[in-house]
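If you look up TrEMBL, you'll see A:5-20, A:27-47, A:107-125, A:131-150, A:242-260, A:272-290, A:322-346, A:597-616, A:623-643, A:782-805, A:844-867, A:897-915 (among others) marked as transmembrane segment. What TrEMBL lists as domain 'NADH-Ubiquinone oxidoreductase (complex I) chain 5 N-terminal' is A:65-110. Residues or ranges marked as domain 'NADH:quinone oxidoreductase/Mrp antiporter transmembrane' in TrEMBL: A:126-400. The domain 'MrpA C-terminal/MbhE' feature in TrEMBL is assigned to A:682-764. Residues or ranges marked as domain 'Na+/H+ antiporter MnhB subunit-related protein' by TrEMBL: A:785-908.
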Amino acid sequence: MILPWIPLLALLGVVVPLLTRQRGRRFCSLATAAPAALALLLVLSQVPTLLAGDLPRFQLAWVPQLGLDLAFRLDGLSLLFASLILGIGLLILLYAHYYLEAHEPFARFYSFLMLFMLSMVGIVMADNLLLLWLFWELTSLSSFLLIGFWSHWTDARKGARMALTVTGAGGLALLAGLLLLGDMAGSFDLGVVLESREAILADPRYPIMLVLVLLGAFTKSAQFPFHFWLPHAMAAPTPVSAYLHSATMVKAGIFLMARLHPAIAGSEAWELIVTLTGMATLLYGAWFALLKTDLKAILAFSTVSHLGLITVLLGIGSPLAILAALFHILNHATFKAALFMSAGIIDHETGVRELGRLGGLRRAMPITALLTSITAAAMAGVPLFNGFLSKEMFFAEAAASPLLGGLSWLLPVLATLGGILSVAYSLRLVHAVFFKPARKETPRSPHEPPRLMRAPVELLAALCILVGLLPVIAEVPLGLAVEAVLLTPLEFHLAIWHGLNLPLLMSAIALIAGVLLYALHDHLRQFGRQFAPMDARLVFEAAVQRLAATSQRLTTRLENGSLQRYMSWLLGAALLLGAVGLLQLPSLAGARPTQEADGILLLGAALLIFGALGTVATHRYRLISLLMLSVVGLVVSLTFARFSAPDLALTQLSVEVVTMILLMLALFFLPQKTPRESSAGRNIRDLGLAASLGMVVASLNYAVLTRDNHGISDFFIANSVPGGGGHNVVNVILVDFRGFDTLGEITVLALAGLAIFKLLNRLRLFMPHSDGEGRVWSPDRYPLILTSVSQALLPLALLVSAFIFLRGHNLPGGGFIAGLITAVALILVYMARGVEWTQVRLDFQYQPVAIAGVAIATLTGLGSWLFGRPFLTSAFGHFHIPAIGDIELATAMLFDLGVYLAVVGATLMILANLGKLTTPHRPSKEEKH
Amino acid sequence: MESLYAVTTGVLSACGLFLTLRGRTFPVVVGLTLLSYAVNLFLFSMGGLTTDGAVIVDGPSDYADPLPQALVLTAIVIGFAMTAFAVILAMRARGDLGNDHVDGEDNREDRSS
């Protein structure tokens, strides 16, 4: 299996420079180039397989639930792009070796570059839509790192941010589009998608999907109106510009359109959107390339323009147009990368990139001048260079396209116009830098670059001529790539001379008019200057800041720090959702017959309502309110008892006791009365909100109660004895069926205890010497009766809790209830005797008890692993113990012991620590030792 | 009986919610406690109201629904932990900030609408 090694080698290349940077730049550069070169060889080694008509594929399930596979393919299109990416990447590495200054962190740069290479190779080889998208996002991220490489420089940071925002937003659109596409095709597998053209085009969601996918492609490939990030990305070091922004990354969008061409292209919407966007981009880019004065900006805009050209061809979509598009991708990568590197050399050797300050470099840098002229001629489409061939094919296809119906002559006219502009800016580039007499001294005295720095440019320039003279050599890779896009082989022949025809005429017009245009371009630039310059970066930054300011304003409006306001928003939302849900019920009452209420029930309900209303009515007088609350709590526990839930009744009763003690203790430290501070309007609003929610709750409850429920409880009842070994189903659920939940719950309990312990740590509170009415506390601190009763009660209570604990598995009871009873009994002792007295006799901390409880429960669960069972599997059996008789023991009981200890520990941790605060003399650790 | 039960949970929730909208910590804690009673009753009733039943196998033949009971049982205990945490947070806030307003500063209740 060779395929996965190609991205893996690139991945290796990411790590290598970081590992070898200590050994010097030369070694590091070579070590980084090695895996890339090997990957290139592997790619090329697949050519015979492809020529034999096979399609190398590799597939490994990654997240099958999502349809995401680690799948790679290497068809002709992938091969073309992968060799481009790896080949030019190698040249860029060589160039960067000389380009970066000595003090710059070259290893990091190489690493970013290789990361980018990896993600590009991933895009072009991905055989799964989601995988493709992942690599797509990775290119956005790695290009962000590369553009912002000179992070000390504001322009670099802003350019990087802009590129990331635009391409990242496009990436999100693409994700949505690809998800839709996968859904339409029924699979994310590229092979399936490419063969589902009919289904996709017929799908009603096709236009949405198309727009989303194209948004991704257009943002990445800098198509108008998303082109603006590309010129600003030129703040990157030149090797990056040459690699990302001419040869590879900006081609990713083009690649995507070509890749998905068999599946989504060919509709009228596709032709119109893609062709017209491409044409607008072509002209817009070419126009600004002519006006700009910065060397790299010219190249950036010309790149935008050429990308538009390729897009037009993909939009036209005829087999020959596809061929022309692929051919131009190849040619553009060759001459544009070379041009960028030449620009970098000029910048590097002279210290400037402004056309106005350059000139006459022909003398100082004759070879560079020659190379630049060759590649610029290729860009302009001068005959005998490679750019000429693809550009002429472009003219031919534009002329032949039936798009726009009666206006179809517009396309070739605009194409020729683009050609004219392209000749003009190419000519200007060469002439202004090398031939026009110099006006100013450059910061550095210009000279030729190191031999090897120029080598990549030389190689690429040679290719420009070679392909230009002998186009036959490009036929094999292009044939394979075209076959991959069209899904059928295409018979074609690349030739320089096609006879006297329309495209040739268009080329001739472009050449002649282009030269004329350059001669006149000073006037044009004067004309262009009349328009207010629009700096895309300023517009972008302003938009970003407006967005941030708006969200800031919105946030401060919504989030003003008032918890009451948040609460009312929350409740309002709950009310809305609940009411909407209720509205959808056909009728409130369900089919289940209701039961008669008897007098006791009426009395209970009246008590509950009285208690609740009383709690609210007296809420300013906190102690009375608390007493009212306890009425509610007690009647609730009676309610549980009435409706066949003895376990709940017991739990509620013991919790009620603990809660009341807790709240009373807390109230001791808090104001006894609540001031009257809510406005009448506020009170009415709150009343309205609470009352409406209460009605929603009541309706909902009634609706549920009058309907039959088909729960899963029958399973628990049926399996309680055979599966859990217990007769009390509630307890069996707690410690066995849903033991994992219970484990979570006691953990929360213990954590709450610990948190409270820490909150109370070093808390110093004002201790009132009298109650709210000014009455001093009773001097009788520990009443005698309570003291004696509690002493007698303690062993009894412990006995009861042991009893409740032991019977819990079969009768009402269990660890929770037993724990609460023990806690209550101990708290009673604290209350009767005071903290100090009790502390002496119960000389241990409660934190370890709670933690031990959680630990025992966890270990019980882990124990089942020893027997090869899943976590928390319980076991039980009957044992005969002499003198006691038959007894049934289950591991669940051990788990319940953990619950018991956690409850005791946590409850006492809370109450005993709080209680300590009430003693004026707090025994501290320092005094003990 | 069902309507009576539903009305009771409704009143309990309304009272609890009204108190949670107050501006001082202690009524909010009381309100939360009241609300948790209401929620527990509500959840408990999901299995229907069974009179004279039990969830003891081999006991009375009329089984109540054990699942809501088990869930509510732990909810009661967790509710206690939550109440305790909230009230002690309130104490801590009073100790550190010097007042018992939920926002940590006095007299801001009516600033917001």
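Start at 1 and count along the chain as shown; that gives each residue its number.
Keep in mind that glycine also has a Cβ here, set from the backbone N, Cα and C atoms.
Sequence-distant contacts of the transmembrane segment (A:107-125), counting only residues of its own chain at least 6 positions beyond either end whose CB sits under 8 Å from a CB of the stretch, comprise 3, 6-7, 10-11, 13-18, 20-21, 28-29, 32, 35-36, 39, 72-74, 77-78, 81-82, 85-86, 89, 92-93, 96, 100, 131-132, 134-136, 138-139, 141-143, 145-146, 149, 237, 239-240, 243-244, 248-249, 252, 255-256. Nonlocal intrachain contacts for the transmembrane segment (A:131-150), taken as residues 6+ away from its ends with a CB within less than 8 angstroms of a stretch CB, comprise 62, 68-71, 109, 112-113, 115-116, 118-120, 122-123, 156-157, 159-161, 163-164, 167-168, 171, 174-175, 178, 190, 216, 220, 233, 235-237, 240, 244, 249, 252, 256, 259. Between the transmembrane segment (A:322-346) and the transmembrane segment (A:242-260), the number of CB pairs under 8 angstroms, six or more residues apart, is three or more, so the stretches are in contact. Over the domain 'NADH-Ubiquinone oxidoreductase (complex I) chain 5 N-terminal' (A:65-110) the predicted model carries a mean pLDDT of 90.
Remote same-chain partners of the transmembrane segment (A:782-805), defined as residues 6 or more beyond its termini with a Cβ less than 8 Å from a stretch Cβ, comprise 650, 813-815, 817-819, 821-822, 824-826, 828-829, 831-834, 896-897, 900. Residues in the domain 'Na+/H+ antiporter MnhB subunit-related protein' (A:785-908) partition by DSSP class (helix H, G, I; strand E, B; coil) as 87 helix, 12 strand, 25 coil. Sorting each residue of the domain 'MrpA C-terminal/MbhE' (A:682-764) by its DSSP state yields 67 helix, 1 strand, 15 coil.
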